[in-house]
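Peer 1: Have a look at the structure that comes next, please.
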Amino acid sequence: MTLTSTLGYPRVGPHRELKAALETYWRDGEEAPLLDTAKSLRRASWRLQKEHGIGHIPSNDFTLYDHVLDTICMTGAVPERFAAGAEIDLATYFAMARGAQDGTRDVAAMEMTKWFDTNYHYIVPEFSPETNFRLAFTKAIDEFAEAKALGVHTRPVLVGPFSFLKLGKATVAGFDPLDLMGRLLPVYENVLKRLAEAGADWVQIDEPCLVLELGSGDLAKCRAAYSALSAAAPSLKLMVATYFGALPEASLETAMALPVAGIHLDMVRGRSQYEAALSALPRDKLLSLGLVDGRNIWRTDMEAALTLAERAVLTLGPKRVMISAACSLLHVPFSLAGEKSLDPELKSWLAFAEEKLGELAVLARGVKEGRTSISTELAENAALFEARRNSPRIHNPAVRARVRDIDPHADRRGRPFADRQSIQQKRFGLPKLPTTTIGSFPQTSDVRKARASLRRGDWNEAQYDAFMKAEIEKTIRLQERIGLDVLVHGEPERTDMVEYFGEKLEGFAFTSLGWVQSYGSRCVKPPIIFGDVSRPEPMTVEWSRYAQSLTDRPVKGMLTGPVTILQWSFVRDDQPRSETCRQIALAIRDEVYDLEAAGLGMIQIDEPALREGLPLHRSEWDTYLRWACECFRLSVCVARDETQIHTHMCYSEFNDIIEAIADLDADVISIETSRSRMELLDAFVDFSYPNDIGPGVYDIHSPRVPARGEMLSLLRLAAERLPSERIWVNPDCGLKTRGWPETEAALVEMVEAARELRNAIGA
């Protein structure tokens with residue numbers, strides 16, 4: 001019989017219950033309410049999937065912060081600064097994720113970076129030749145037993161040993177973490193044995209790194225690892241799960257040869273591997289087909305998915321085929337049930353996590369009982385696709401004409417950077433090592449209440465404007481008092497750097513409860529790009545104009561770039577992403593023009609998501625980077641030479657895209673570097689990056705206030721790599737999620753660190 005499965009399920013709860021519980025724990029320190037909430041969310045997830053008839057329900061996919069952090073704890077790979085070897089309690093767990101600063105310790109958090117090309121973030125493991133492993137965290141075993149006690153037989157999920165080591169960071173130059181495989185495997189073998197003893201029959205081992213382009217040496221280490229794992233608990237059936245794309249030929253060959261019972265392949269983003277997989281699958285293996293998109297919110301084309309499933313069953317037999325989501329459903333919102341205000345027609349085109357469970361059930365029934373058993377569902381699905389295809393709301397002829405008429409040679413600024421830099425320095429007269437922030441400032445409950453009051457109609461526009469202007473003035477005066485050189489208005493009016501703009505652009509729609517986990521307690525509510533994009537009126541001009549009127553210091557106009565808006569939205573799937581991005585770029589260009597006309601001399605267009613859009617296969621990079629950089633330049637090319645264009649990027653490795661970053665031709669780029677101790681700057685040095693750079697000198701994802709000496713040390717590291725006249729001083733990222741006291745304290749220390757270095761170099 002053909003079974004259904006999911007690889008993982010949303011963790012935060014339908015109403016962000018996990019976020020509330022985490023923030024309460026971080027404030028009050030009481031463990032019991034947090035653990036009770038976590039248990040409740042796990043149980044609800046298992047029961048919901050069981051009710052929908054999912055055959056293989058995952059366990060250990062839930063986490064309090066991050067599943068890679070859980071694996072760090074499981075294997076005892078705790079860095080020395082967090083009391084490695086001691087019991088891993090909640091305080092240690094969260095210190096690794098967020099840093100810790102109290103009367104007994106002051107430790108920086110571990111690095112965090114993007115999970116492949118998604119907007120989820122994982123904690124980066126740290127490995128050295130001295131790293132040792134031990135089974136230090138039995139969560140995978142405990143949660144299997146917890147589900148079993150509820151009458152739910154689950155398939156435990158582990159981050160695979162190969163991907164765990166590949167995703168880590170070597171703390172010693174030249175060291176390959178894969179060399180630790182021999183030390184790591186006994187921990188996995190122990191876990192598998194204990195899961196078998198607890199009654200597990202299948203275990204899902206995620207190896208998403210197999211989707212990357214790997215060398216023969218890496219693949220050999222993967223094969224050797226699974227030879228050991230398969231022998232550890234012979235009664236267990238291992239399912240190696242890959243996702244986010246097609247496996248390269250050598251990786252697919254390796255996966256098919258692994259001594260495991262099943263292979264999961266993504267058939268949404270990796271449809272090209274379907275035929276090869278069917279022909280190469282050994283007779284002793286099961287093929288899990290990822291037919292339902294786990295990363296986007298559009299309904300599945302049931303006819304196309306069923307055709308793939310039917311052919312697989314015909315070729316392999318029903319007992320050797322499983323129907324699944326392409327990847328974990330943590331990347332989509334929980335359920336459409338709570339979306340009471342979403343347009344009914346648009347809503348009919350969508351499927352969130354719970355609806356995707358229903359799609360899996362329908363597909364499985366169609367395979368098991370034949371097409372006629374789901375003829376009604378197939379007809380309804382086909383009608384929805386036809387209605388969406390022909391809906392006038394998704395097509396805007398004026399937008400399409402404007403994109404069609406773009407001059408491919410007119411996306412550059414008037415003069416080269418060296419000339420612009422001289423013109424801008426004369427205009428602004430900034431000191432060496434100018435200080436600024438990335439854009440957002442802390443948002444209090446009063447700010448959030450003000451936005452809610454306007455939405456509910458409790459406040460009129462005049463009341464709302466008065467409140468926001470007071471917040472902006474407070475932020476401007478604080479920055480002046482601290483001594484920052486370039487100011488921002490603080491963005492109190494913005495819920496999110498993408499949602500805010502989407503609400504003001506045509507072609508976007510919004511959910512009420514469409515929250516998706518970004519990391520830990522951080523959730524985002526991605527807009528839905530359903531149609532052609534245009535800007536009906538200015539979006540930010542009045543707030544920025546007001547902020548600049550309050551001070552003689554330059555204030556940056558703050559925009560989100562077209563690539564980031566694209567990457568952090570649920571994007572229409574009926575046209576190339578590059579086409580949608582060009583539409584957004586033209587809308588942002590109109591805003592740049594209006595900001596400049598309103599007197600803003602500095603405009604920041606943030607592109608933190610530029611790198612995460614890279615295809616996982618390098619052979620596809622050039623095409624993506626060409627249109628992504630073109631879209632950024634298209635959005636800023638109307639700016640005059642005396643207008644300084646800033647951009648910001650975070651969570652990025654820049655070595656392999658440094659040419660593209662230079663091709664953006666932003667006057668100033670600020671980047672997140674504090675957790676990496678300025679190592680990310682090496683790419684800019686090696687490339688001789690010509691423009692100004694603001695390396696982040698403190699980690700805003702942690703509540704700790706860094707000491708002045710700590711930031712000064714980082715600035716000195718930057719000054720060893722770059723000419724001081726091209727260095728800006730700023731935090732790693734925006735400050736929205738921090739509190740006002742810690743923000744002010746950290747910025748005071750940052751400004752003093754910059755002044756101290758200025759004095760030291762005689763600037």
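Just so it is clear, glycine is given a Cβ too, placed from its N, Cα and C backbone atoms.
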Peer 1: Taking Swiss-Prot at its word that ARG16, GLU17, LEU18, LYS19, ARG522, CYS523, TRP568, GLU612 bind 5-methyltetrahydropteroyltri-L-glutamate, choose the one of LYS114, LYS432, LYS449 listed for that site.
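Peer 2: Candidate listed by Swiss-Prot for the same site: LYS114.
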Peer 1: Given that Swiss-Prot annotates ILE438, GLY439, SER440, GLU491 as binding L-homocysteine, state which candidate in ASP594, ASP606, ASP622 belongs to that site as well.
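Peer 2: The record-listed residue among the candidates is ASP606.
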Peer 1: Per Swiss-Prot, which one of GLU620, GLU672, GLU710, GLU756 shares the Zn(2+) site with HIS648, CYS650, CYS733?
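Peer 2: That Zn(2+) site, as Swiss-Prot gives it, pairs HIS648, CYS650, CYS733 with GLU672.
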Peer 1: By a simple count of other Cβ atoms within 10 Å, which of LEU18, ILE438, CYS523, CYS650, CYS733, the binding-site residues in the record, is least packed?
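Peer 2: Output over binding-site residues LEU18, ILE438, CYS523, CYS650, CYS733: least Cβ neighbours within 10 Å is CYS523.
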Peer 1: Quick one: which of these recorded positions, LEU18, CYS523, HIS648, GLU672, HIS701, have their CA within 10 A of ASP606 (L-methionine binding site)?
Peer 2: HIS648
Peer 1: Please list residues from the chain of ARG16 (5-methyltetrahydropteroyltri-L-glutamate binding site) whose Cβ is under 8 angstroms from its Cβ, counting only those at least six apart in sequence.
Peer 2: TRP515, CYS523
Peer 1: Cα distance, CYS733 (Zn(2+) binding site) to GLU491 (L-methionine binding site), nearest Å?
Peer 2: 14
Peer 1: Work through the binding-site residues one by one (LEU18, LYS114, CYS650, CYS733) and name whichever has its CA nearest to the CA of SER440 (L-methionine binding site).
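Peer 2: Checked the binding-site residues LEU18, LYS114, CYS650, CYS733; minimum Cα distance to SER440 (L-methionine binding site) goes to CYS733.
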Peer 1: What's the number of neighbouring CB atoms sitting within 10 A of the CB on HIS648 (Zn(2+) binding site)?
Peer 2: 28
Peer 1: Helix, strand or coil: which one is GLY439 (L-methionine binding site) in, per DSSP?
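Peer 2: DSSP call for GLY439 (L-methionine binding site): coil, neither helix nor strand.
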